[in-house]
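Asker: If you scroll down you'll find the structure; I have some questions about it.
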Amino acid sequence: MKVLILLGLVLLSVMVQGKVFERCELARTLKRLGLDGYRGISLANWMCLAKWESDYNTRATNYNPGDQSTDYGIFQINSHYWCNNGRTPGAVNACHISCNALLQDDITEAVACAKRVVRDPQGIRAWVAWKAHCQNRDVSQYIQGCGV
């Protein structure tokens, strides 16, 4: 019985952790999903963004007490503007999706929402981590050796 409980806890922790992409695996996935060059943004910039926002973790979340919003998923997309979590006051939900969709191992919906974000006037500058860690920097290291 103890073994079954322990096994259940281990499986639960794996399910909660989500998928943490390997760097080149994510680069290939983002390229396949059409992010390389989307709105003039290089694949290396998207990779830098994902590294600094979530460390390539699909289940990453970050609560923002100021506006009571939460950032979700590999791109840390915010519930105040882009998705609906049912808890953020005055949420816009411009991507027309549940925030939980941004936490899936299959990042297709997260990529579609990220594309929606960069269509706004701020573009990729909407992400603070991109401005702090990627803007005006050599970001080639994020795709180096990946063959993309």
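Any Cβ shown, glycine's included, is placed from N, Cα and C.
Feature table excerpt (Swiss-Prot):
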ACT_SITE  E53  active site
ACT_SITE  D71  active site
DISULFID  C24-C146  disulfide bond
DISULFID  C48-C134  disulfide bond
DISULFID  C83-C99  disulfide bond
DISULFID  C95-C113  disulfide bond
DOMAIN    19-148  domain 'C-type lysozyme'
SIGNAL    1-18  signal peptide
Asker: Within 10 Å of each Cβ, count the other Cβ atoms, then let me know which of the disulfide-bonded residues C24, C48, C83, C113, C134 comes out lowest.
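Answerer: Across C24, C48, C83, C113, C134, these disulfide-bonded residues, the one with fewest Cβ atoms within 10 Å is C24.
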Asker: E53 (active site): which of the disulfide-bonded residues C24, C113, C134 is the nearest Cα neighbour?
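Answerer: Closest recorded candidate to E53 (active site) by Cα: C134.
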Asker: What subset of the recorded positions D71, C134, C146 lies within 10 angstroms of C99 (disulfide bond), using C-alpha positions?
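Answerer: So the list reads D71.
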Asker: Mean pLDDT over the domain 'C-type lysozyme' (19-148): what is the value?
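Answerer: Averaged over the domain 'C-type lysozyme' (19-148), per-residue pLDDT gives 97.
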Asker: Take the Cβ of D71 (active site) and count every other Cβ within 10 Å, whichever protein chain it belongs to.
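Answerer: There are 24 such Cβ atoms around D71 (active site).
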Asker: May I ask for the distance between C83 (disulfide bond) and C95 (disulfide bond), taken between their Cα atoms and rounded to an integer number of Å?
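Answerer: Taking the Cα atoms only, C83 (disulfide bond) lies 6 Å from C95 (disulfide bond).
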Asker: Per DSSP, what is the helix/strand/coil residue tally across the domain 'C-type lysozyme' (19-148)?
Answerer: 55 helix, 14 strand, 61 coil
Asker: Which of the recorded positions C24, C48, D71, C134, C146 has its Cα nearest to the Cα of C113 (disulfide bond)?
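Answerer: Checking each of C24, C48, D71, C134, C146 against C113 (disulfide bond), the shortest Cα distance is to D71.
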Asker: C24 (disulfide bond): which of the recorded positions D71, C95, C134 is the nearest Cα neighbour?
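Answerer: Given the candidates D71, C95, C134, the nearest one is C134.
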Asker: Given the disulfide-bonded residues C95, C99, C146, which one has the fewest other C-beta atoms within 10 angstroms of its C-beta?
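Answerer: It is C146 that, of the disulfide-bonded residues C95, C99, C146, has the fewest other Cβ atoms within 10 Å.
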Asker: Check the Cα distances from C95 (disulfide bond) to each of the recorded positions C48, D71, C146 and keep only the ones within 10 Å.
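Answerer: So the list reads none.
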